[in-house]
């Protein structure tokens, strides 16, 4: 098919080039061959505007960490789909714009686009698109800390993916369900879902999906305290992300490796991986990823005893986390700030930050809530004691 497309482009046969180019995109995208998809779409567009080519190129650019050019492509695809009255194409593009905004940390914009896409998919009877959008809405709610809403949407999406035979969608939803359980501290349930997803991604040849699952499995093992298993899975995932050009997946895995080293007190190794991840997050415009990495860098400096540098990192991360609505990471960051204030003898400030962390933890059912409450009561006692002595 690629040779037919090449000859059509050379010969100026626009209809054939567009048809074969879009078909190639649908074959290559699930296999994470993003560079090939972009090359095919760009060649097609030399023959004039085409919604399918803009859509495919937008997908490839988003997947390889170039959100702004991807958004330009999606907007051009959207205009052409609307002009042609193609409601299915319009819905698919709305869904992918939502994915892009989610990657940029703009959850509200993401939800707005998903909620435009969902009724359109239902209107045209596109069950696959409906399931994909339900899955994506679930991911936003998970990011916002609303795990019940997340699971509700995932459990609507999963049987629909199975019904339409979409193995990639099924595996992605299993990963997302596992991630919710991981966030709730139920690592065994998380691993069960990840281990259902992994063979599916391998079966369909999705290298990016396989790598993402390996990273998720690594995080679950890290949560269980099995750092060897965690690092083994991370080091399987990292070269695959690099091979397929998935910069976000690469940065997430670098951060996860750093966190594993943080967990065993190897602060220097941890910092090395965090410092590799941070510029990648910044380059692809992932504000949430950058902020979480700043928090992790702060934790490493705190472990090394450099409290001023740690506090500086936490205070850089905090406004970004609030901006993107990541309440889980905000709670962690506020706890870390409180521990620095406590170590510096600023107990009143420590209590204030712990109160905020506990409030956030209650909103999102944070697995560290009991620890945070216990620490809050401890620091309150310490503060009362110092006031009594004064």
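Quick reminder: no glycine exception, Cβ is built from N, Cα and C everywhere.
Whatever TrEMBL says is automated annotation, not expert-curated.
Lifted from TrEMBL, the feature list:
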{"type": "REPEAT", "residues": "91-124", "note": "repeat 'TPR'"}
{"type": "REPEAT", "residues": "131-164", "note": "repeat 'TPR'"}
{"type": "REPEAT", "residues": "171-204", "note": "repeat 'TPR'"}
{"type": "REPEAT", "residues": "211-244", "note": "repeat 'TPR'"}
{"type": "REPEAT", "residues": "291-324", "note": "repeat 'TPR'"}
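The stretch in 91-124, 131-164, 211-244, 291-324 that contributes the largest number of Cβ pairs under 8 Å to the repeat 'TPR' (171-204) is 211-244. The average pLDDT computed over the repeat 'TPR' (211-244) stands at 95.
Residues 105-107, 143, 251, 255, 258-259, 262, 265, 267, 270-271, 274-275, 277-278, 281, 330, 332-334, 336-337, 339-340, 343-344 of the same chain lie 6+ residues outside the repeat 'TPR' (291-324) yet bring a C-beta within less than 8 angstroms of a C-beta in it.
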